[in-house]
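Enquirer: So TrEMBL lists these for the protein:
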- 1-158: region 'Domain I, interacts with DnaA modulators' (REGION)
- 16-38: region 'Disordered' (REGION)
- 152-197: region 'Disordered' (REGION)
- 159-182: compositional bias 'Low complexity' (COMPBIAS)
- 202-418: region 'Domain III, AAA+ region' (REGION)
- 235-363: domain 'AAA+ ATPase' (DOMAIN)
- G246, G248, K249, T250: ATP binding site (BINDING)
- 419-540: region 'Domain IV, binds dsDNA' (REGION)
- 446-515: domain 'Chromosomal replication initiator DnaA C-terminal' (DOMAIN)
Amino acid sequence: MSATVILPCPKLGDVPATMPPVPHDERRQRGTGARKAPTVRPWETVHSLWTVLWTIRPEVKHHPMEDEATSVWEAVARGVTHQVSSVVWRTTFSEVRAVDYDGATLTIVAPSLVLRDRIDNRFRPLLMGVISDLGLEGVDLAVEVDPDSNLAEPLNSELSPLTTTSSSGASTGGVSVPTTSSDQALSGLHGSGAPNSVRSGGLNNRYTFASFVTGPSNRFAQAAALSVAETPARSYNPLFVYGSAGLGKTHLLQAIAHYVSENYPTYRVRYLSTEELLNEFVDAIRNNAQPDFKRRYRENDVLLVDDIQFMEGKEQLQEEFFHTFNTLYEANRQIVLSSDRPPDSIATLEDRLRSRFKMGLITDIQPPDFETRLAIVRKKSEQSEFPLPGEVLEFIVTNITNNIRELEGALNRVTAYANLTRTPVTMDSARQVLGDLSAGGGRIVTPERILEATSEFYGFSIDELKSKSRRRPLVTARQVGMYLFRELTELSYPQIAKIYGGRDHTTVIHAYEKIKALMAERPQIYQDVQTLIQQIKNGL
């Protein structure tokens, strides 16, 4: 009976890929003589068995470089988490992984083109700094798109559920909300290859993320908005931004619209104010065109609605928007809303609508601190033909503390003065131009006061200012009044348009931009605006 010999098998790493030859002391003897039988040593038998086992071994995937890459990336990631917010980490780096490290280059992959570009363009200096801090001097970084990711192309369908939770500086209303995936979520939209279109009557090309100045008062809101823009319906849905007028809510909403339009070419994006939504809803009822209205707002990939607080008390509009909201949300489309107050403070808002507004992320924008105000006016001043000296900028931000819109108005007036006189602005000239600021206090500015002042100044009745007449002097007076409303009050463009006879809000936007430009070109327009501001604010 033969005995079975069990030989110890070496570990995988102990056996080289190419086995060394077994040494033979004996050689085939030359000549015609008989060949001497070789001496067989026990270790040679074992070696031969190992060789056979190694040859027939099952294929084992073993990637030491990838393992090392993962270790290096984990160390880098730990460093990054200490230098970015939790929002930025989760929306930018959480799904990044390393695939290769050869001692000279660390290669990481991102799940989408958008994230790849964002990491490469915005966070490369940060990552290279962390790599250097780890003692890996001279190591380069390569950022690629993960070929195994189903997000390699910017599509919005079949996304994994995501739960949003409260973070510092924001509230989710205590509700965890998974974003739902639907088999028919984006049929006929994303896959159609149709060109992107941002549907809006008043999207301002200047309202982008690049032009938005961040500070402690708005940093979280800006990060949340950017996250929504980069990965629609995957970060926070809905996103609800609230704060007083003139603090940048409209800027953020339009920045989202611009970003999605540029980076997701097949997405349908619609931005509008609640006032516009109401007007279109009324027109649809009047013209018996409700199906067209429903389709117009439910066939969007990103819907952004400004000043949602104006929906309070409008029961039919709330009913329609409730169903529109549900349709978009269930189809995994992004919804972004803004308001001057949180959902719980919007009176006469239906509870079912309020609860949906609270389903995602709620974040606010506070009045900017001194440093942020100074950064805002400095950035805008640098873009003008006559940049203002630092002491003048500090004078402006010291006297205007709550409203960015008023900051811009003061800056416009001083810049217009510099353009007209072709002289550098000094503190004395700034005090002269902005005398209403240093006077302090003053009369409370109301819509009635602005209408009365422009009526008296130009010699037209208030009814004429609100009329549809296109007589040139009257048009100028009306446009100056609209400019003053925008600079001196917290009213939105649609609200100002309503005061002037229910015009379209784009008329107000045009008037504001035109008077702003004319102030730098025509001394008479500049002087008219200056005089009216003095009269309105100081009760002269």
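Our numbering is plain: 1 for the first residue shown, then up by one each step along the chain.
Glycine residues also receive a Cβ, built from the backbone N, Cα and C atoms like all the rest.
On a predicted model such as this, the values are computed, not experimentally measured, just so you know.
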Enquirer: Suppose we draw a 10 Å sphere around the Cβ of G248 (ATP binding site). How many other Cβ atoms does it contain, all chains included?
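Expert: Cβ-Cβ neighbours of G248 (ATP binding site) within 10 Å number 25.
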Enquirer: With Cβ-Cβ distance below 8 Å and at least 6 positions apart along the chain, what are the contacts of G246 (ATP binding site)? List them in sequence order.
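Expert: Expected: N402, N403, I404, R405, E406, E490.
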Enquirer: Inside 10 Å of the Cβ of K249 (ATP binding site), count up the other Cβ atoms and send me the figure.
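Expert: There are 25 such Cβ atoms around K249 (ATP binding site).
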Enquirer: Just jot down the residues in the same chain as T250 (ATP binding site), at least 6 apart in sequence, with C-beta under 8 A of its C-beta; none if empty.
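Expert: The answer is Y207, D306, S338, S492.
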Enquirer: Please spell out the DSSP helix, strand and coil residue counts for the region 'Domain IV, binds dsDNA' (419-540).
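Expert: Going through the region 'Domain IV, binds dsDNA' (419-540) residue by residue, I get 87 helix, 0 strand, 35 coil.
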